[in-house]
Amino acid sequence: MIQLKVYAGLSTLATLVVIYHAFSSRGQFYPATVYLSTSKINLVVLLNMGLVLMLSLWNLVKIVFLGSLREAEVERLNEQAWRELMEILFAITIFRQDFSVGFISLVVTLLLIKGLHWMAQKRVEYIETTPSVTLLSHVRIVSFMVFLLILDCLLTYSSIQQLIQSRKASMSVFFTFEYMILATTTVSIIVKYAFYVTDMLKEGQWEGKPVYTFYLELVRDLLHLSMYLCFFLMIFMNYGLPLHLIRELYETFRNFKIRVTDYLRYRKITSNMNDRFPDATPEELSSNDATCIICREEMTSAKKLVCGHLFHVHCLRSWLERQNTCPTCRALVVPAENATSTASGNRGPHQESLQQGTGTSSSDGQGSSVSAAASENMSRHEARFQAAASAASIYGRSIVYPSSANTLVWSQGNSLLPQTEVEAQRRFLESQIEVLTNQLRLLEKPTTVDTKGKSVADTA
């Protein structure tokens, strides 16, 4: 702030000196203005004064609507400003035939308006994460967003009018596209803020807020991607390859692809939550911590994940919109399809007999509880069992496994390898399969829970 005041004071002093020299040396108004507009030094000083006036107006708007900036907002502003400046310099090279003082003024105006949008977005994010916000802060941010939306609409309308009058792809296309992007971004910020206010009025109990926010961001990214594609094709057909749009186009496409993938995954998981995730029993709620780790509130009813952790159904639904893992242990909420198919394909006779025994003993009341404990005990070793079975099946199909079916393949494909290396590989794999076989034997031994289950079933 102090540096801006010093810079503005020196620029004002230089401008006054230049104007005084022009009128004192020329004596009349018209010769003095011609001298000021034709002299390069005078023109640079006057343009610098115009930049000072724009920065002063920008700073005034910031003070009125936002007040003092936080450190995170200043950091965001500096990062975005340098990146946007490089992209604008690339854009200037495309529209070099339209390069003039007016074009530079419009570019500086665009950069300053983008800075206001960045600060508005960051301030809304800060308000959403702050527990107590004053009424004045809400009024200022709402007024600021409405001001930005009106400004975006006016500048978009002006750029479209210039584009219609010129009837060709010129710098008006660039500014029209930029202000349309800013307008859609401002609308999305306003709607997102409205969602926040609605949730605040409902005391944080609006379960539909994450869903509507997700749809809003999906539609916003779709609109941005469509506009980027149209502008890219228009510039490419009239001027050449727009280098400054490649990064924005790629990031927008990547964000849209990620959101569509997350949406499909979310719909797949939440389509049958009641069937996929069972309800927690009162015994499970009493034996475990009955506090939901997502909302930090007590649970009277909850859903149980595969890993055994309990959560509110609406908290779990909100969490699954962003993550596919358990909030507590980071295990996958839904196992991968390839792991499931591998486990089903490598299911051994012992596992099938164990499932049959469990199903037989479930007819009795006590036998059902014991079989449930046995299945829970088996689930703890299921991952190791699947890994061992998969490794055994892979080893059996490999060329190292000694069988008559793969002798020819081994001799043809590895005839050039030294015998010492072949023997070392064979001994290593044989030791690994021996370890896996021992693990399988340990898993096949009946545990204490299984023995009790069998005795209870026999007694019944």
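The backbone N, Cα and C atoms fix where each Cβ goes, and this holds for glycine too.
Positions annotated as compositional bias 'Low complexity' by Swiss-Prot: 353-375.
If you look up Swiss-Prot, you'll see 339-378 marked as region 'Disordered'.
Summarising the annotation, Swiss-Prot assigns topological domain 'Lumenal' to 25-40 (among others) and lists a curator's inference as the type of evidence. In the topological domain 'Lumenal' (25-40), the DSSP tally of helix, strand and coil residues is 13 helix, 0 strand, 3 coil.
Only residues 6 or more beyond the boundaries of the topological domain 'Cytoplasmic' (62-98), in the same chain, are considered here, and those with a CB under 8 A from a CB of the stretch are 107, 110-111, 114-116, 118-120, 122-123, 126, 140-141, 143-144, 147, 170-171, 174, 235, 239-240, 242-244, 247-248. Here Swiss-Prot flags 62-98 (among others) as topological domain 'Cytoplasmic', drawing on a curator's inference.
Positions annotated as topological domain 'Lumenal' by Swiss-Prot, on the basis of a curator's inference: 120-140 (among others). The helix, strand and coil residue counts that DSSP assigns across the topological domain 'Lumenal' (120-140) are 15 helix, 0 strand, 6 coil.
Sequence annotations record features per position, and here Swiss-Prot assigns topological domain 'Cytoplasmic' to 162-170 (among others). Beyond the topological domain 'Cytoplasmic' (162-170), the same-chain residues lying 6 or more positions past its ends with a Cβ under 8 Å from any Cβ of the stretch are 95, 98, 176, 234-235, 238-239.
Taken from Swiss-Prot, the feature topological domain 'Lumenal' applies to 192-225 (among others), supported by a curator's inference. Sequence-distant contacts of the topological domain 'Lumenal' (192-225), counting only residues of its own chain at least 6 positions beyond either end whose CB sits under 8 Å from a CB of the stretch, comprise 124, 127-128, 138, 141-142, 145, 181, 184-185, 249, 252-253, 255-256, 259-260, 262-263, 266, 314, 317-318, 321.
Annotation source Swiss-Prot lists topological domain 'Cytoplasmic' at 247-460 (among others), citing a curator's inference.
Beyond its flanks by at least six residues, the zinc finger (292-330) meets 207, 210-211, 214, 262, 265-266, 269-270, 273, 277-280, 284-285 of its own chain at Cβ-Cβ distances under 8 Å. Taken from Swiss-Prot, the feature zinc finger covers 292-330, and the record attributes it to sequence analysis.
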Could you give the number of helix, strand and coil residues in the zinc finger (292-330) as assigned by DSSP?
-> 8 helix, 6 strand, 25 coil
Same-chain residues at least 6 beyond the ends of the topological domain 'Lumenal' (25-40) with CB under 8 Å of its CB atoms are 18-19, 46
Run through the topological domain 'Cytoplasmic' (162-170) and tell me, per DSSP, how many residues are helix, strand and coil.
-> 5 helix, 0 strand, 4 coil
Across the topological domain 'Cytoplasmic' (62-98), average pLDDT on the 0 to 100 scale = 84
What parts of the chain pack near the topological domain 'Lumenal' (120-140), using Cβ distances under 8 Å and only residues at least 6 beyond its ends?
-> 64-67, 70, 72-73, 76, 148, 185-186, 189, 192-193, 196-197
